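Visitor: Per Swiss-Prot, the features are:
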TRANSMEM  22-42  transmembrane segment
TRANSMEM  46-66  transmembrane segment
TRANSMEM  93-113  transmembrane segment
TRANSMEM  140-160  transmembrane segment
TRANSMEM  169-189  transmembrane segment
TRANSMEM  201-221  transmembrane segment
TRANSMEM  234-254  transmembrane segment
TRANSMEM  278-298  transmembrane segment
TRANSMEM  318-338  transmembrane segment
TRANSMEM  343-363  transmembrane segment
TRANSMEM  377-397  transmembrane segment
Amino acid sequence: MEEDNQEIQRDNVGSSSFFKTCFNALNALSGIGILSVPYSLARGGWLSLSLLLLLAVTAFYTSLLITKCMNADRNIKTYPDIGERAFGRPGRIIVSVFMHLELYLVTTGFLILEGDNLHNLFPGFTIEMIGLRLNGKQAFMATVAFVIMPTLWWDNLSVLSYVSMSGVLATTVTLGSISWIGAFDGIGFHQKGKLINWSGIPTALSLYAFCYGAHPVLPTLYSSMKSKHQFNNVLLICFILCTIGYTSMAVLGYLMYGSQTLSQITLNLPIHKTSSKVAIYTTLVNPVAKYALMITPTVNTIKDWFPSRYSKKAYLHLLISTFFIISSVVIAETLPFFGYMMSLVGALLSVTVSILLPCLCYLKIFGNYKKIGCETIMLFGMVVMSVFVGVIGTYIALRDIIGSV
């Protein structure tokens, strides 16, 4: 009853409708991860699809835990608030570090993706400005950052939902275009692939985890929603749709290119085909649509460090957002390895913020760790699994990155 009363109190806060929240959540959960799932399947083999489904169920369950934690205290608005409610000031700091580092590296991955695909289409592109010459991927990363920048100046998620619609549409069109290429443009679905590749399982698992790493954004979406009692329905719809999309893309891409599948399926496509260009161009919409949504929690956190008379100023939001995208460009051009970077994010950060931290915070807030039951045993099992995956996956990702520098 107390939980219901808290939900009713919270219903008066927020401006986003059910459908707008759905679009924002779909935009956060879907996106560039869908381009890497064929590569993940190629690394792990057909049986690794079971890991994708297991992670989908696990991530959905932990998203419900986040909602329960927010309902435990009506003052909780963000993911770091959950950490503080559970473990005090140290909990807030730990959650903040992992959450914001994940969001930062994911958005950096957006720029790497853009640079890779645009360079594949236009290999001779260069930019000369104030005595500086940028070639190929570097030039495209800088150009895309300039295009994305205006979307960062909106801090209203209700407004951003309209941008999110374009991101969701782009993901759908990309999946449809790649299906068309396989069926009608001479590629076919003839590759048999391997049943399982044990050496590639850690990388596959890390990349699958990356696909479900949107948990840091969920408290922001929850706080922005009018009818918060419907948020669990939003999560269910979004996780089902995204998992169908991820599974479909993984199977189609692996059947098309087998062991030759690259870290982004769009890099395998024959660029002279119209359908390939449609897939690539629509793929390029996703970073534009997602960047602002993903970076909003980090920007809001930094704004809260300033005195209240400054934190509400529009120019502060503009300055912080602009700094973030400029620094993302620097990192992207220094380490332009999409597959390895996303594998690192998945293993070290997505597993932590999407599985480990929600379980630990829930156990502490509700005191479940004090009593042995089926739920407690399951949660501790998820904690052990996430630590194991995180350690092994992080080691392999760092090894691959260092070997490529």
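The backbone N, Cα and C atoms fix where each Cβ goes, glycine too.
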Visitor: With the transmembrane segment (22-42) as the reference, find which of 169-189, 234-254, 377-397 contributes the most Cβ pairs under 8 Å.
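Guide: Ranked by Cβ pairs under 8 Å, first place goes to 234-254.
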Visitor: Establish whether the number of Cβ pairs under 8 Å between the transmembrane segment (201-221) and the transmembrane segment (234-254) reaches at least three, counting only pairs separated by 6 or more residues.
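Guide: In contact, yes.
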Visitor: So are the transmembrane segment (169-189) and the transmembrane segment (343-363) touching or not, going by 3+ C-beta pairs under 8 A with a sequence gap of 6 or more?
Guide: no
Visitor: Under an 8 Å Cβ to Cβ limit, what residues of the same chain, 6 or more beyond the ends of the transmembrane segment (278-298), are close to it?
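Guide: Sequence-distant neighbours of the transmembrane segment (278-298): 24, 27-28, 31-32, 35, 78-79, 99-100, 103-104, 106-107, 110-111, 113-114, 117-118, 120-121, 144, 147-148, 151-152, 154-155, 157, 160, 163-164, 166-167, 169-171, 173-174, 177-178, 181, 216-217, 219-220, 266, 269, 271, 321, 324-325.
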Visitor: May I ask which of the stretches 46-66, 93-113, 343-363, 377-397 has the most CB pairs under 8 A with the transmembrane segment (234-254)?
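Guide: Stretch with maximum Cβ contacts: 46-66.
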Visitor: Look at every Cβ pair spanning the transmembrane segment (46-66) and the transmembrane segment (343-363), keep those 6 or more apart in sequence, and say whether at least 3 of them are under 8 Å.
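Guide: They do touch: at least three Cβ pairs between the two stretches lie under 8 Å.
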Visitor: Mind checking which residues of the chain, 6+ beyond the ends of the transmembrane segment (377-397), have their Cβ under 8 Å from one of its Cβ atoms?
Guide: 58, 62, 202-203, 205-206, 209, 340, 343-344, 346-348, 351-352, 355-356, 359-360, 362-363, 368
